[in-house]
């Protein structure tokens, strides 16, 4: 950077002494040397040859290392020729009249009014350039004025975009004046104000264009009066060998001054000062400093670098250029350490494809982005100080030192905007942050050197030669929207689209609204307008919105209420179960007497299992995870089959219920109650539920597989039980019902079909389809809405008298007696249920309590000892009437030999509810004389059972009655989808809402092995090798409780 003080010589004295010596030296000038510069054939000879020769001699003298106090006369001779324009400063020019037009132009250019007036007086108002020279020479008195002149010299008005600019004077091509010869400028005095003295007259014209305003699209320009001749107005076509092609310059209104921060607020900013540092750069180290349109210098190259080997430093221009278009080239200037020939050598060989767009600086001129959006800077001549050789290279032509090389603009329709009329611009404080261009990929345009072109150094940026200004802190990205000027940073298609929208007069908000509904062409623009910090995903099209709305509308407020009530209840229940498991662990550890370290280890194991359980609960299950082996039984609206889980090869009993049948028969509440009791039951009397899940058509219960069969199958085989066997089973049944009552449930469907016998001969309860816990979710009315038929499963229906579904006669019978018993079972247990074991208060709906289950115990005891139910009838309707009139229909046959205790227990259980045993719980039955031989204080399940079923292998199903695979349930299953669709009626609009919170997974899942298989009596004869493997795997499996 040039030093702030003047003169830039080795003289060490104050300013007043220097002025005095200058004046004395001017009175006694020394003889000038006759050595001159090399003059070309077309050089300008208007300057005195003696002056040129003297200056050349002074340069040669300065190249030598002079001592601090060198020859004084040579220094004065140097100063004399640099101050020739001010030779009359001590004459009558002080009283000369100041040209008001020139004064105004200097003030507009940023000069101080007092200094401008003094300069015009001292120069006699000859020209503006003379006044600027005076101001620059007096800049040591006021550094601000020196800075103003330096900025004016380094910058120039922007290039115009008019296709045919008006030429106010003959161009260089048509005059006798030719471009002066190339000569080197060296020495310290050329860094100071005397640099303009070396400028030929033709190049000074480009520093001071007219101040008139004109529209860019007009063919003619209006030119107000100027303080200098119109013959020196800038508009010329540069021909010659120095240029790769012709460059056309046109006049632009005002001075394109890039003012420094010291006087920026004193003068009105112009349209050119709104340029900012380019956001991206070409790959070849081509980046951009803050001053647009300029090339700044690099200071790290040696002065002896040959021509063409110096880097060029690019500063972006205002508008973009496109490949193949005759648009504005980037204005180039050589570095201070390079030759001017570098520019012309590159200019003739390097194709400039494009110039990257420079971003607008937010500190400058925020309100004028639309007045002249395509005006670029016109670069002024750049001074150099590194030309130490007095002679140019012989291989180079004689170029001039002008670096304001521009190209003719062809107006591109993309860059055209509607400009109504030029208006004077004033400095206004910013009221809104400037629109920041969206981040784009760096420009891919680079300088591609043709063959024979020199330039080994990459193009990079040097910020040392220009006044840098730090940008302000950025605004939040979500507050910055793209402006009209941002259209230059996108591709050509997006440019055309955005300009067409702006010409139609649409606002940014309108375009933002239309972009969400428009075509794919403005997808890029729509993405840039989205708020970047929003965490909510933005839906791209209206079709997704419609799908989302349809999904939301499909769930009614009733469904939301239904779901939330059950969900909150289950969340609370889950927490209570977690606390209960922790308390249970603490109690067990206290009983075992574990030390503190062992207890802590057990707690960690429980915590890990809790974490695994939470993760497994979220895993979705479906029926494809199981393989069906064999059907075990068929119920009213479902079936039970033996299934194997694929991953663990464990055997389960999987109960499947069709949703359509559950809804048609109003069994939603009963299914919910069955799921709840099976999930909550954690004792040895109830079949354990491991998983429950659902799909579109069915509900699935995955439970313990009890291989011993049910009590009904055993009754059919044995017909009549011995009294000791009946006593054992009724005692276990009493304990099982007691456990259900303690859980808060009523089974309501205790019958031999729902009593299973495990492999040890002990019983378990199953099929809680009619169970109720007196909960709001177990109430059938909670699931009913509209005009849906309200019918309980135990209410007589039309199918009760229809025994056409009984197919016992279709089977081949080996024994007539067995066939008759099977038909009797069909009569007792039809597909729609039987009232044989139901208490009369339940059938009469007079209100019932847990006593109804004890009625069923008396009926089962009667059937075990007698061989048939007490209210057997040909049809379910007749059976129901007999149950209701139990006082007249209940008779114990006289031919059956029963003990008095058994008769008494039957009559005390099958009686009115107010005098029935069990009012005080199961203790009433335990105290009955019939159980005198049973010790209820001991765990009865640990006692050996009178009857142990025969199980040959884990998948043995011989204890279950064979089931016809072509049963009505299977025939109807093919029409389940069709029947399911017909449920979408006004009375049952959303049937799937009834099965919320159905999914379940047990915490203690026994590692996938639900039961223990006993060793077969003869393994070699009863099991094949595959079955033996399964048997061995399940042999040692016991429930694992932490």
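Every residue gets a Cβ built from N, Cα and C, even glycine.
Residues or ranges marked as ATP binding site by Swiss-Prot on the basis of similarity to another entry: 632, 633, 634, 635, 636, 637, 638, 639, 640, 655. Cβ neighbours of residue 640 (ATP binding site) (same chain, under 8 Å, six or more residues apart in sequence): 631, 632, 633, 634, 653, 654, 655, 656.
According to Swiss-Prot, the compositional bias 'Polar residues' annotation covers 30-44 (among others).
The feature compositional bias 'Polar residues' is assigned by Swiss-Prot to 258-267 (among others).
Summarising the annotation, Swiss-Prot assigns compositional bias 'Basic and acidic residues' to 507-530 (among others).
Residues annotated as compositional bias 'Basic and acidic residues' in Swiss-Prot: 541-550 (among others).
For 97-138, the entry in Swiss-Prot reads domain 'UBA'.
Residues or ranges marked as domain 'Protein kinase' in Swiss-Prot (evidence: sequence analysis): 626-931.
The domain 'AGC-kinase C-terminal' annotation in Swiss-Prot covers 932-1010.
A 10 Å cutoff on Cβ-Cβ distances gives residue 82 (phosphoserine) a total of 25 other Cβ atoms nearby, all chains included. Residues or ranges marked as phosphoserine by Swiss-Prot on the basis of similarity to another entry: 82 (among others).
The phosphothreonine annotation in Swiss-Prot covers 267 (among others).
Residues or ranges marked as phosphoserine by Swiss-Prot on the basis of similarity to another entry: 362 (among others).
Taken from Swiss-Prot, the feature phosphoserine covers 534 (among others), and the record attributes it to similarity to another entry.
Residues or ranges marked as phosphothreonine by Swiss-Prot: 999 (among others). Take the CB of residue 999 (phosphothreonine) and look out to 10 A: across all protein chains shown you find 16 other CB atoms.
The annotation region 'Interaction with ubiquitinated AMOTL2' is assigned in Swiss-Prot to 100-140 on the grounds of similarity to another entry. Looking at the region 'Interaction with ubiquitinated AMOTL2' (100-140) alone, the prediction's average pLDDT is 82.
Annotation source Swiss-Prot lists motif 'PPxY motif' at 472-475.
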10 Å Cβ neighbour count around residue 632 (ATP binding site)?
23
Count of other CB atoms lying within 10 Å of the CB belonging to residue 638 (ATP binding site):
22
Work out, from DSSP, the number of helix, strand and coil residues along the domain 'UBA' (97-138).
31 helix, 0 strand, 11 coil
Can you tell me the three-state DSSP label for residue 999 (phosphothreonine)?
coil
Between residue 999 (phosphothreonine) and residue 82 (phosphoserine), how many Å separate their Cα atoms?
99
How many Å lie between the Cα of residue 82 (phosphoserine) and the Cα of residue 638 (ATP binding site)?
113
